[in-house]
Amino acid sequence: MNIEELAARIDHTVLGPTTTMDEVTDVLSDAAAYGMNACIPPCYLDAAGDTDMVTDSGVTLVSVIGFPHGQHASIAKRKEAVTAWQAGADEIDVVLNIGRLKTSATETVTHDIAEVVAAVPIPVKVIIETTLLNDDEKRRACKVAVDADADFIKTSTGFANGGATTADVEVLSSYLPVKASGGISSYETAKSMLDAGAERIGASAGVEILEDAPDIYYD
């Protein structure tokens with residue numbers, strides 16, 4: 001792939017607890033300039049959708065649901081998803097209920113995600129927070145995403161210790177397309193995730209990744 005194709009796989013991200021509209025505007029500007037997607041808090045979707053950077057460049061707006069811990073009630077996640085879509089989100093990343101997954105309440109967790117998927121006509125990525133799961137739990141989380149008809153599995157929120165690993169990406173990508181996120185701040189790390197099978201990269205360092213990348217094609 002070339003640099004333009006790489007950029008289209010990056011969700012340039014700003015999701016910190018102190019995120020301001022000025023920071024969102026910077027991310028949107030970078031996304032428009034480099035051809036990336038933009039992942040922003042849901043509270044800024046309305047304003048973001050009204051900016052010329054989005055309307056003129058066609059930046060894909062990604063937002064988050066049940067973020068960052070996944071412990072919202074199902075009805076709240078569903079409402080959040082609908083509100084985000086109506087405010088202009090093109091895709092949503094929803095956090096799986098990790099505590100319930102760990103207590104083997106798989107049917108409840110699947111229903112939780114399926115409610116979100118059914119509520120909106122846009123792609124849904126399920127954040128499973130790999131760093132908090134053992135191997136069996138990772139596989140069960142992937143099965144939840146598949147059974148709920150989600151479109152992607154996302155490794156991490158970026159709020160737990162650790163982030164994406166190539167080993168996890170290899171396993172997760174056997175279930176659904178993978179968005180690797182958490183700790184990806186260089187071209188080499190991003191490339192390693194793509195080589196492991198990731199389809200999308202989530203990173204606050206989108207510009208740095210692209211500026212560090214050689215303008216070459218690779219398998």
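Indices start at 1 and increase along the chain as displayed.
Positions of Cβ are set from backbone N, Cα and C atoms, glycine also.
Annotated in Swiss-Prot:
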- Asp93: active site, proton donor/acceptor (ACT_SITE)
- Lys154: active site, schiff-base intermediate with acetaldehyde (ACT_SITE)
- Lys179: active site, proton donor/acceptor (ACT_SITE)
Completion exercise
The most crowded of the active-site residues Lys154, Lys179, judged by neighbouring Cβ atoms within 10 Å of its own Cβ, is Lys154
Practice task
Let me know the DSSP-derived helix, strand or coil state of Asp93 (active site, proton donor/acceptor), please.
Solution key: strand
